[in-house]
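Taking it in order: structure first as structure tokens, then the write-up.
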Ligand SMILES: Nc1nc2c([nH]c(=O)n2[C@H]2C[C@H](O)[C@@H](COP(=O)(O)OP(=O)(O)OP(=O)(O)O)O2)c(=O)[nH]1
Ligand SMILES: [Mg+2]
């Protein structure tokens, strides 16, 4: 199966991160996610990160740091999540695609509300950024 390369942005302010609800009809629909999306053929992962965060939550990424890379096989889809912590940005994040969004304390993130691949992201965040 072809691996789908995905740029994922953990938008962080202190010990809080910004999350969105995936549309019911999307892959892994009804789960919470960190905003992001597929890296197109003509772009780098950072290009995709910038583009997706602008499209989905209306912010301009000013600086980001790689956090981790996760490969996960959902059975119907094989993904490679290229996860970046976004520490500086312009604009106030909001759902630009009618999706529900919220800021949440890193310590309150519940892996069960996210796609299975996100367990490792939540672990990494809770080690690095919890109060
Ligand atoms: N954005 C995002 N995708 C995630 C997370 N965890 C996880 O397993 N995924 C998976 C779900 C999807 O199969 C894939 C991302 O696809 P996506 O639906 O965001 O892609 P996209 O924004 O380009 O949207 P589209 O073109 O499919 O409409 O990665 C996460 O935290 N954030
Ligand atoms: Mg997306």
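Cβ atoms here come from the backbone N, Cα and C positions, even for glycine.
Since the structure is predicted, the reported quantities are computational estimates derived from the model, not experimental observations.
Summarising the annotation, TrEMBL assigns domain 'Nudix hydrolase' to 1-129. Sequence annotations record features per position, and here TrEMBL assigns 8-oxo-dGTP binding site to 22, 27, 33, 34, 35, 36, 118. According to TrEMBL, the feature Mg(2+) binding site maps to 36, 56.
Mapped onto this structure are the features recorded in TrEMBL.
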residue: 22; record: 8-oxo-dGTP binding site; DSSP class: coil
residue: 27; record: 8-oxo-dGTP binding site; DSSP class: coil
residue: 33; record: 8-oxo-dGTP binding site; DSSP class: strand
residue: 56; record: Mg(2+) binding site; DSSP class: helix
residue: 118; record: 8-oxo-dGTP binding site; DSSP class: helix
Secondary structure composition of the domain 'Nudix hydrolase' (1-129) [DSSP: H/G/I, E/B, coil]:
33 helix, 54 strand, 42 coil
Any idea what the Cα distance is from residue 33 (8-oxo-dGTP binding site) over to residue 56 (Mg(2+) binding site), rounded to a whole Å?
12
What is the set of residues, excluding 22, 27, 33, 34, 35, 36, 118, whose C-beta falls within 8 angstroms of the centroid of the C-beta atoms at the 8-oxo-dGTP site?
8, 20, 28, 31, 32, 114, 115
Distant-in-sequence Cβ neighbours of residue 56 (Mg(2+) binding site), under 8 Å, six or more positions away
20, 35, 36, 37, 95, 96, 97, 99
So what's the average pLDDT for the domain 'Nudix hydrolase' (1-129)?
97
